[in-house]
């Protein structure tokens with residue numbers, strides 16, 4: 001708010017405002033790109049304007065499994081209630097057509113001259129209870145069927161078949177929902193950040209993966225894909241262009257033995273989409289690296305898949321993961337508190353192409369890091385030496401008992417000489 005003219009001159013106020021604006025640079029944040037795969041593995045994709053909705057009903061079992069739990073429970077309850085009500089209406093119609101609802105037949109039934117289709121079914125409520133007893137196979141002994149009506153026998157067979165189908169479908173659906181593969185994938189963890197560092201003389205893209213359960217993932221394999229927006233020479237824009245990149249695995253097959261957390265490495269070579277990207281260009285790149293881990297659950301035999309992704313902001317250049325597996329009393333121990341911890345290491349800031357064209361860059365970088373490391377060690381040792389000297393001097397000043405007393409020696413001639421040690 002500007003000050004009044006009578007108190008502060010206007011020229012001073014305008015100059016101050018201009019100086020404040022110059023001190024605060026205006027930084028425009030780059031608009032964040034939508035992730036294709038979230039960190040928890042969920043696909044960030046919305047399906048819209050689907051016209052052929054009937055295709056979902058053709059695969060009703062998969063549709064029921066994919067529904068949310070509240071919808072599944074509502075369908076589970078309504079399927080039984082509707083079937084009970086439907087067959088209750090049929091039993092009521094059978095009894096009504098046979099004349100079991102007529103009050104005059106009650107006395108005839110007691111005199112054993114009249115045989116109803118279903119005993120003790122004289123209202124819709126009793127027909128509903130009999131329908132539940134038939135479908136759930138609960139017999140209370142009060143209502144039972146006779147051989148008087150062939151139509152009632154047909155309804156009984158039909159209800160048993162329909163009840164078995166409903167039980168098989170709904171119970172199977174609930175079992176599949178509780179044993180879905182993505183539940184096991186929740187215990188497969190990835191590091192929050194990926195790193196790019198030098199390994200075996202090559203720039204490598206690395207991340208860490210681990211399994212929290214003791215039950216292993218059999219035939220586990222890791223795939224990496226780069227998703228980016230590209231334009232073809234013909235001018236076609238591909239918003240989600242997926243490119244597979246190889247994973248450095250010493251084994252011929254792509255399977256890994258995930259008994260402990262592993263660092264998955266991708267060598268940035270001529271085949272890699274990261275070949276022309278340097279450390280300065282990485283922050284400007286609009287790309288996303290998707291990591292897919294697949295395997296078979298040892299306990300259930302179901303194939304599971306865990307996913308995550310890394311954008312440019314989550315890739316640390318010149319870092320390396322700290323070791324977390326140690327041997328303690330003959331047992332290998334894993335410290336998951338350091339699962340995503342990294343340390344800064346020497347790495348050239350150029351791209352992998354420039355590093356292949358000028359290998360001397362790597363040698364110079366390593367030499368500079370070695371010199372800086374030696375200088376830091378010297379400074380640290382000198383600081384420790386100075387601190388120890390200062391500490392010893394301060395202890396001598398504060399503790400007079402540490403001062404060596406003077407000792408007098410008596411010579412044979414009887415003279416005394418004082419010496420200080």
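Quick reminder: no glycine exception, Cβ is built from N, Cα and C everywhere.
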Per TrEMBL, the range holding transmembrane segment, considering 51-72, 73-94, 95-116, 117-138: 73-94
Listed range which TrEMBL flags as transmembrane segment, given the options 1-25, 26-50, 151-175: 151-175
Intrachain residues whose Cβ lies under 8 Å of the transmembrane segment (73-94), provided they are six or more past its termini: 64, 67, 117-118, 121, 123-124, 127-128, 130-132, 134-135, 149, 151-152, 155, 159, 162-163, 166, 170, 173-174
